[in-house]
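> Below is one structure. I have some questions about it.
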């Protein structure tokens, strides 16, 4: 009987600790940020079951143009959640990753996902398509307004390193 009680108390304490940990993650972000994370989670959760699984990741990568992602890479991503990745776990993982992260490096990392060759540029037309079809869909006018301020290389690709500098430091470069 005593051992059953201790086991029950241990479960209750673990549940309380998990609730406390998950409630803290929501206080790390503003409501608008949480909504953006929710939209990102919904984009990744392809089968809409509330849990990100390997097939969700494969489909998301496929939509981003990366068809053959190594199984080990997908497994490593899923293992970061130490269990099923629901929205709270997803938010916690981002909270851990972004805590103390340089905003410029975070933006560069996001762009690198669209630059598998590591050239420092992303294809303008592919990026335009993503902006108009994923998450907070941009209108054609909004995309053109964005691209008017976006540095391009001679081939018409987006120079995302320069764009990142503009986003984090403003339009004027230091002399």
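Cβ coordinates are placed from backbone N, Cα and C, and glycine is handled just like the others.
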> Just to confirm what the record says: which one of 23, 55, 62 has phosphoserine annotated in Swiss-Prot?
23
> According to Swiss-Prot, phosphoserine sits on which of 22, 68?
22
> By a simple count, how many Cβ atoms lie within 10 Å of the Cβ of residue 47 (Ca(2+) binding site), its own Cβ left out?
11
> Over the span of the domain 'EF-hand 2' (102-137), how high is the average pLDDT in this prediction?
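Taking every residue of the domain 'EF-hand 2' (102-137) together, the mean pLDDT is 87.
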> Which sequence-distant residues neighbour the domain 'EF-hand 1' (32-67)? Criterion: at least 6 residues beyond either end, Cβ under 8 Å.
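Sequence-remote neighbours of the domain 'EF-hand 1' (32-67) are 26, 74-75, 77-78, 81, 84-87, 90-91, 94, 113-114, 116, 126, 130, 134-136.
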> Other than 45, 47, 49, 56 themselves, what residues in this chain have Cβ atoms within 8 Å of the centroid of the Ca(2+) site's Cβ atoms?
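Apart from 45, 47, 49, 56, the close residues are 44, 46, 48, 50, 51, 52, 53, 55.
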